[in-house]
Every structure is written in C-alpha cells, then in structure tokens.
C-alpha cells in the first residue's frame, strides 16, 4: 500500500485537494491501485495549528511518504507577518532535497483562444521545463551594505550533473531533445553548466542536445515555443523562464508541476496560488490539481495508464465545453470534477 501525504494548505487549497482526491480515488479503483491518505497541516494552516508553516509532524509524515500532494498556500493575513506560509515551501524543499522542478507546458485545443499568442504560434506546443531548485544564486551568500550589494552564484559539477541526468531521462521518454539554457558567454557558472551538459549528453546518445543563451531562449519561447521538448536550466533562469512559459496556455488553471528528489518522495502541486478572493465559494478550477495527481501516478508510481486516463478525461471535458469561470464557463468546482470523473 502506498502512502500519500496531502497538504491542502490555504485559500482554495482544501477545495481543489478534495477534487483531486475524488478523481484519484476513481482512477485508483479502475487500475486496482492500493493507497492510504495522510492529511497534514501546512502553510497558513500549519501556522494556525503549531506556529510554523511546516510543523514537525507534517515534516515527519512527508519524509516517510511515497508521494506528497500540495494544493496551495498563502493568505493575506500573513502578508506582513514574520512567519509566512511560503516559508514552509522553502523549508520542505530543503528538508526533502527537492532539487528538480518539473513543469509541463501543454496547450489544450479547447483553450487555444485563451493564449496571448496567435494560434499558429502555439500550435503543437508541448514541452517541459526542468529547473534546478536547490542551488545557484538563491542559495548563495547575500551581502547588502549602504552603498553596495553582492549575491554569490555557485554551482558544483555534481549539482549540475544530477539535474542534467533528470532532464535527459525525461527527454528519453518524449521526443529525445534537450535544450540547455545558460549564459555561457558571460558567466563562469554557465561555462561549467555547458561543460557538464556535454558530458552527460554522451551518456544519452539517443537524445539530442542543443544550447541556447537565456536571452535568446526567452525570445524563442514566445516566437517559436513549439521547437522545445525538454528545457533544462539553473535556478534563477528557470524561475523566470518557467513563469514565462506559464502564460502560453492563457491560464494557470490547467498547469501542474512536480518537484523531485534523488531518492525520497516527490511533491506534486498546481502552479497557481491560493486565490483567497474565491476561497469557500466552490468555483475554483481544480484541473491543475487533478493533473498534478496524474503526474504523481506516472512519475512516482509508474502508473502510466492511470495518468493517461486522467489527462484524456480532462481534455475530453474541456472539448465538451465544460469550463470553470476562469476559463470562460459557468461550471463550479464540483461540476468540473464530476464531469472529469464521468469521462474517465
């Protein structure tokens, strides 16, 4: 039996978590997948329960889980507080050594009109951004004085090698192309990044490697996003480019993500926030959460059939014109969830 720890969090988190688990249970019955759920407080809910966004019992449960589902964190009441929900996310990434953030970017045909790009620009877009999550300038030394400031960007060969291998492994199961993004013409870290990328490429002779400078890649992501298959880059560049890629579908409501460690549990979550303005109204779009469940089935448990079942059901539901308000429709959370289950 697989143990899944759920972190419903704040805002619309509990509502979309319930939707995700409802779909998960329906699929689990169809594929005979045996599991148990352990729900834990996290984010603002963790602060309310224990004074910390990542309570000790939540962390202990997460460390022994086979996978972790996170819905959403954040609440206006903590915006100016010394202890904030977002600190829990940074803490759990560090404690579980979640070094690889995986963000799929796919355009659903039924939602093409929502994209800010012309139809011909987004046709065929289906790529994955692989972002190194625990190294680089965010985790370097930061110095600030009255007249100067300094941030240290540091990467080791081993840190680069493991994220590269993750990207190449993902590409091997897709269209076998990796685009490594750096700033090799200026930065020493990028020179090492490119060197290690070339070394790892030799281990995956069936996968094509290309390099792009980050400024060029940012431009191509708008002018020709369909050219990408797997994009891999360091923490700062990945933070920016993954957010850029998230606007291509025209909505955050259909985008899941995963964060992987080397040997421990992975964490799956929507990329959108807690949307406190609509919390409790029953109108939140659950698709990002539901697709995060699909990612969990595929990546953590090897249940490709179950993952595809969910993805096909979501696509069919959207094609039928069943849309939540953020997508231009009238369906509420429960109606969208029920429609997806009916289409499994």
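A Cβ is built for glycine as well, from the same backbone N, Cα and C atoms used for every other residue.
The substrate site in Swiss-Prot is built from 93, 103, 215 plus one of 112, 121, 131, 194, namely 131. Sequence-distant neighbours of residue 131 (substrate binding site): residues of the same chain at least 6 apart with a C-beta under 8 Å from its C-beta are 100, 101, 102, 103, 232, 233, 234, 235, 238, 239, 241, 242. Taking Cβ-Cβ distances under 8 Å and a sequence separation of 6 or more, the neighbours of residue 283 (NAD(+) binding site) in its chain are 324, 325, 332, 333.
The 10 Å shell around the Cβ of residue 93 (substrate binding site) contains 17 further Cβ atoms across the protein chains shown. Distance between Cα atoms for residue 93 (substrate binding site) and residue 243 (Mg(2+) binding site): 19 Å, as a whole number. Considering only the recorded positions 138, 215, 243, 275, 285, the residue whose Cα is spatially closest to the Cα of residue 183 (site 'Important for catalysis') is 215. Distance noted between the C-alpha atoms of residue 285 (NAD(+) binding site) and residue 138 (site 'Important for catalysis') is 31 Å.
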